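Trainee: Submitted below is the structure of interest, expressed as structure tokens.
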Amino acid sequence: VQMPNSSSISEFLLLALADTRQLQLLHFWLLLGIYLAALLGNGLITVACDHRLHTPMYFFLLNLALLDLGCISTTLPKAMANALWHTRAISYAGCAAQVFLVLFLFSTEYYLLTVMAYDRYVAICKPLHYGTLLGSRACATMAAAAWGSGVLNSLLHTANTFSLPLCHGNVMDQFFCEIPQILKLSCSQSYLKEISLLVFSITLVSWCFVFILFSYVQVFRAVLRMPSEQGWHKAFSTCLPHLAVLSLFVSTATFAYLKPPSLSSPSLDLVVAVLYTVVPPVMNPIIYSMRNQEIKQALRTLFGDTLLRHQ
């Protein structure tokens, strides 16, 4: 894709994770280990959910696993290749693609987590209407809306960010291309346009957050009214994984994009980026399978009992 600035800048230089060759290779193997763990975990969730797609929760979990696979595949392979080949470069088009994909996959994941909060709300507060409110058509529509909104949000931000004139070179303090880093390279006045678009996105994110909060307040009120302890346990075991994943995702991403510039330093930016791009895709499958008996059962069926007997 040819974009306005490509005549002046043909590539960007990403953050080198290490100075010495030995450390670079160590980083390569470390990133490869993390990447394979994420592929394995999300791959297993995908296979486990595949046989239960008629159940809304598993349909959404499948979508989440696919998004996580996409998220980690957008950032880590390039960082691994750069560490292995002893380079820092990423092409202009490659950088634009990375910004678009990171934003698209993360926006979609957030909207999907909002839909999943609604799923938990209906399951616990309106169990008799669950089949009608979350039929297969309704689930497909909500998932399509999440993916569609993610594409739209990402297109707006990517097109806007890459139309800004860049005055401060092409060196980034990050191991992948992200909007805050490109804004740092843009001319002083020009990034205000992107800030206004960011305000719109934050408003949308806040509405989703309020909706999630409202859903969980209702869920916990319903749970506290349950007479049996077994009811409590069942309700919490279906909600806690979603809450854990949501908290991890929202807290790290919010800090990455909304931290004040005075707090910004290359090492802190790197830690935060790892927290919001690498940790959720690796942890999500673990969080969901640990608390979910049906997923454990599906995995047992898949591999026999040997793999999860110690759980």
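All positions are counted from 1 along the displayed chain.
Glycine is no exception: its Cβ is also placed from the backbone N, Cα and C atoms.
Straight from TrEMBL, here's the annotation block:
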- 26-45: transmembrane segment (TRANSMEM)
- 39-288: domain 'G-protein coupled receptors family 1 profile' (DOMAIN)
- 57-77: transmembrane segment (TRANSMEM)
- 89-113: transmembrane segment (TRANSMEM)
- 134-156: transmembrane segment (TRANSMEM)
- 195-217: transmembrane segment (TRANSMEM)
- 238-258: transmembrane segment (TRANSMEM)
- 270-290: transmembrane segment (TRANSMEM)
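Buried or exposed, and what's around them? Tell me for each listed feature.
Mentor: A mean pLDDT of 85 is what the model gives for the domain 'G-protein coupled receptors family 1 profile' (39-288).
Here the transmembrane segment (195-217) has long-range neighbours at 110-111, 113-114, 117-118, 120-121, 153, 156-157, 160, 239, 243, 246, 250, 257-258, meaning same-chain residues at least 6 beyond its ends whose C-beta is under 8 angstroms from one of its own.
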Trainee: Which stretch from 57-77, 89-113, 238-258 shares the most C-beta pairs under 8 Å with the transmembrane segment (26-45)?
Mentor: 57-77
